[in-house]
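Worksheet: the structure to be examined is printed underneath.
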Amino acid sequence: MIVLRSHVLVLLGVLVVAYATRANAQSWLNTLLEQSNGTLDVSTFPGEQCLRECDNTQPRICHFSWTMEHYHVMGPACRDCAKGNHTDCYHPACITADGVERGVMSLNRKIPGPTISVCRHDLIVVDITNAMAGTSAAIHWHGLHQRATPYMDGVPFITQCPIGFGNTFRYAFLATEPGTQFYHSHSGHHKVNGHYGALIVREPKRVDPNGDLYHYDTPAHVILGSDWMHIDGEMFMPGLPSAGGIMPINLLINGKGTYHDPKKNETTQTPLEVYTVRRGARFRFRFINAASHVCPLQLQIEDHMMEVIASDSFHLQPRKVDTLVSTSGERYDFVLDANGVKDTYWVRLRSLGPCADLQLEQFAVLRYTTGPYINDAFPTRAPPTYEEPFRNVATANHPNATCGRPEFGDYCITDFQAYDTDEDVINGVPDHQLTFGFYNYPVSFESMFESNRYEHYMNIYGSVMMQGAINNISLAYPPFSLLTQPEKIRDDTFCDENNRPDSCSDRQLCTCTHRVKINLGDIVELYILDLTPSVNDLNHPFHLHGYQMFVMEMSQDRRVPITLEIAQNIARQRLLSRNTVALPPRKDTVSIPSRGYARVRFRANNPGFWLMHCHYEWHTAVGMALVLQVGETSEMVKAPADFPKCDSYTPAVGHLLQGSL
């Protein structure tokens, strides 16, 4: 029997209180606690069986068991897939990706990893065994706020110690935030190497304000977009001078696609993803941007409109677009009206911004037919060329959209409205008004190679090297977990723009553990500024763990570098012209306009240490992040006493030799 102990029993005690207003759920949990006698059987519902209608159901314990491995695309499990044997491409252990052989990191020999589909208030239990020799890891559950279990957020050295090779770590947390979430590694470049997947938390349709707009909401209509390389992400950390930049070579949809080799003029024989719909019905699609690079992804479906109804799992008043643009970490739900006259259509994913010149795009198939799935996964007709665009009448999040002017047909997220709000937060007087200005700083040969600082950096190309920073500080992680080992925190553990270590006294850019402290319960207003000197199509997505943010406004002044004064002036002008949204949308990942700003608000009511960072993988890796401490450590949810610990180990040599004396 598989049992749960320790911290899960503590969690269930918290849940009984949380469910006090729900008699059925409370009864269910009380019964579990009474019958457990110190253990709980989690074998009743294997995680896959938690996919169900959520209108009339009680919470379940949904147990998943995953293994992390160094694995391969088009390896021996794929047999003759590359030679045209289509059946071999579908072996459960075969990862086809785009058909080009390479080493990867996999979860249960899948890319993306196994899908988690549960109902709100289910208890998710994931046992992860790290079988990646020589590599530690952790998984972040992007979009879940982890109020009862902040030590399950999955950020190494912030909320937990990484899972060592050969070890199994048990994640257990509530599915609290309904909607389209996803999970991904927060270690190194494991995400771009394959560690990501969909996490869908469904709610009863009757409580969805857009529930009447669609007939079907199934796992078969999840679009998980990602970028892809043919080498390990670690090859670019710190980098290759001859690489010409850190860029993807392809895109994938649900881990599938083809690749055209321009040198050989050959296209791989691998399957595309296929989405089946029924004519006359309306389907809820869930689009997850799991990209790692700096390029936005543009989604279009041939001859179909997308009625956007949610972003980052939060409900939106619907708007119809034919083009949807998002950046890494964002999720958008939309309704597709299956009113096409043909049997098949193209689903088109394109990479924009700095990737535009690379002309990267990938296709999937939308089909109205009900024949063999495999036939449509290998279409006989060629997709349109890059020079053959689909129609574009209305775009959500065009990189150069004029926010606040939706009459032009280009909608920023701030042109959408929610269904409800928190008046105290959006109209109250903030207790903290913070400014976070981010930038990738060029670093010199001397500072990297003659100072012996051993700091992180990325080598873009040639001799161009950079460190990411917020307010002139590049985040360095402590050697222990801040949340679960607070006794290790000392006066000199942290830094901020007003308290820098002596080693940074003569430097504008400082590398240290950047922490911003906020009192529990305070209202926070935050300006996030892109201080990049030049205007381009690079929009940085900023993700705040543990929270939702009300996106009050965003904009840019392309004539001059943005400053707080310019941003505040734009905000005042919009307020005077009443060009603001009455019900601002909520997001956990906000795409900042190029050399522009976003103003967000939230109430700091979730105590803990929470990472805030640019969601581009290489920018996080080189320090474009900070730690938000909400409340005192005494106010934070305590991890179980036996929770794994870590730290540097440098005792006196005599202590080490005591056993030999």
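One is the number of the first residue shown, and numbering goes on along the chain from there.
Quick reminder: no glycine exception, Cβ is built from N, Cα and C everywhere.
What TrEMBL records for this protein:
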type   : residues : note
DOMAIN : 97-205   : domain 'Plastocyanin-like'
DOMAIN : 221-369  : domain 'Plastocyanin-like'
DOMAIN : 500-632  : domain 'Plastocyanin-like'
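According to DSSP, the secondary structure content of the domain 'Plastocyanin-like' (500-632) in residues is 21 helix, 56 strand, 56 coil. Mapped onto DSSP classes, the domain 'Plastocyanin-like' (97-205) shows 4 helix, 49 strand, 56 coil. Summarised by DSSP class, the composition of the domain 'Plastocyanin-like' (221-369) is 11 helix, 73 strand, 65 coil. In the predicted model, residues of the domain 'Plastocyanin-like' (500-632) average a pLDDT of 90.
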